[in-house]
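**Q** Sharing the record's features from Swiss-Prot:
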type: SIGNAL; residues: 1-18; note: signal peptide
type: LIPID; residues: Cys19; note: N-palmitoyl cysteine
type: LIPID; residues: Cys19; note: S-diacylglycerol cysteine
type: BINDING; residues: His66, His132, His198, Asp278; note: Mn(2+) binding site
Amino acid sequence: MRQGLMAAVLFATFALTGCGTDSAGKSADQQLQVTATTSQIADAAENIGGKHVKVTSLMGPGVDPHLYKASQGDTKKLMSADVVLYSGLHLEGKMEDVLQKIGEQKQSAAVAEAIPKNKLIPAGEGKTFDPHVWFSIPLWIYAVDEIEAQFSKAMPQHADAFRKNAKEYKEDLQYLDKWSRKEIAHIPEKSRVLVTAHDAFAYFGNEYGFKVKGLQGLSTDSDYGLRDVQELVDLLTEKQIKAVFVESSVSEKSINAVVEGAKEKGHTVTIGGQLYSDAMGEKGTKEGTYEGMFRHNINTITKALK
């Protein structure tokens, strides 16, 4: 409620002051101003838009999108953009009021919601879906296509360039997908169990043949208890799994509890490394790109489990 009230006040202020841009009125040499919520979306937008777009990402390294709340500065960035790109599927759960109001006033798109519903993983008993779609490269390509469509709509004079850039980016992603499958083939099938702090890797598991278990649910906003820890400990002991993984955007406390629980049962489990789940690495590093993040995760998982 508080977040929604703040958004309403800010939007009213921007409406009175005329803040905002008109992408349709841009000249050929002007850049499209794009604001993306997550770094995964921002990376795709930069690759597709090339020199014709300027992309601002709200969430940086180590930021949890499930818990993220838009600041006044974020709202200004959203309102001053020509195009707003966000994931949707309730990933940005604390920002839904803000994003809904943005959509009433300017061009915006929930890029993950471009994926056909029959390809999504249902979440619980409701009508919601697992939002962590970027861990399936074939599914993430639907989001890439949606970004290209939004850019072409905003700047039709550069549609050919956006189409060409998107084609090249998708070819890179398809190569990354093939490489990932080749690397994972080195892990024995019985060892393909991926245990992490929260349930962010279900699409990854479906795509690459892993049994995936997270201590918390789909959102880090959900809690976990002693029973959840014990169930994971029992699984690790039964399957003789030797490694679990921490996440860059989630506290290590929960996974450390699992490691200690296994130790008490006489089974040694190590921390296999840190995976990038809801956020990518620092901008300017390999892990700060979608490809670099994905390669890091594959290399870390393969090294720990093979």
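Including glycine, each Cβ sits where the backbone N, Cα and C put it.
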**Q** I'd like to know which of these binding-site residues, His66, Asp278, is least surrounded, judged by other CB atoms within 10 A.
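**A** It is His66 that, of the binding-site residues His66, Asp278, has the fewest other Cβ atoms within 10 Å.
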**Q** Which of the three DSSP states, helix, strand or coil, fits His198 (Mn(2+) binding site)?
**A** strand
**Q** Ten-angstrom check, please: count other Cβ atoms within 10 Å of the Cβ of His198 (Mn(2+) binding site), all chains counted.
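**A** Total other Cβ atoms inside 10 Å, all chains included: 25.
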**Q** If you count Cβ atoms within 10 Å of the Cβ of His132 (Mn(2+) binding site), leaving out that atom itself, what do you get?
**A** 25
